[in-house]
Amino acid sequence: MYFFLSNLSVTDIGLSTTVVPKILKNTLFKDTSVSLLECAIQMHFHLAFGAIECLILAIMAYDRFAAICKPLHYNTIMSKKMCISMATASWIASFINSMIHVIYTFQMSFCHSHHVNHFFCEVPAFLQISCSDTWLHEVAMYISAGAFASLSFFLTLISYMHILPTILKINSSDGRYKALSTCASHIIVVTLYYGTIMLLYLRPHSQSSPDIDNAISILYSAVTPMLNPIIYSVRNKDVKGTIRKNLFKNVLQS
């Protein structure tokens, strides 16, 4: 679990780092321009880290399934080699997918305007200013979102469809609480992240609104990654124990 949490932490740091510094720069300075190369790099890493987060969350759900539903076989199912292989495959597949989208996006024509009505470089914002036929690109975006976001979400649901009945069969109330507490943080993070992703990428282009799209993008690019460590820390008994211990120590010293 902690191996995948470390992957999720690195992904959250990367997702925020690709967006927040540029937003701060545009807020503090009057020059809000961005070079073509800088925009392509930002879009590439933002898409890649977003896809990695989807896959890592799905793998974490499977990890909880193995721990709760197959406890005696957990070390065999989730061996060190298997964990590293799944994490590596997630990173490689996400970066390849991102590269394809970036190349395809910057091959479109932008004859009407070069003004991107967004906080950062993202595919939906570029579709709105392109004078090319964006139908094929929209289809590719939906397929990609379906392959990464929707498929990962459904795999997560399938894992929890097996986890919840197993938890309910536990006779001990302490055992049920312990099992649920290991899943609660993950469920909250999944709900926040997938909700915003699907609202942005699986909505028809004709129904999109720049203001709404911008707000949703900020939510899953900056706000959600910031909340993830807080959510996992609050739900982790070791972290809570350390906080209580330090607070009690500070109170005694004061």
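In case you wondered, yes, glycine gets a Cβ from its N, Cα and C as well.
If you take every residue in the domain 'G-protein coupled receptors family 1 profile' (1-232) and average the pLDDT, you get 82. As annotated by TrEMBL, domain 'G-protein coupled receptors family 1 profile' applies to 1-232.
Per TrEMBL, the feature transmembrane segment maps to 43-62 (among others).
Here TrEMBL flags 83-104 (among others) as transmembrane segment. Residues 3-4, 7, 40, 43-45, 47-52, 55-56, 59, 123, 137, 140-141, 144, 147-148 of the same chain, all 6+ positions outside the transmembrane segment (83-104), place their C-beta atoms under 8 angstroms from a C-beta of that stretch.
Same-chain residues lying 6+ beyond the ends of the transmembrane segment (139-158) with a Cβ under 8 Å from its Cβ atoms: 51, 54-55, 57-58, 61-62, 94, 97, 101, 104, 123-124, 190, 194, 197-198, 201-202. Residues or ranges marked as transmembrane segment in TrEMBL: 139-158 (among others).
Look at TrEMBL and you will find 179-202 (among others) tagged as transmembrane segment.
Marked as transmembrane segment by TrEMBL: 214-234 (among others).
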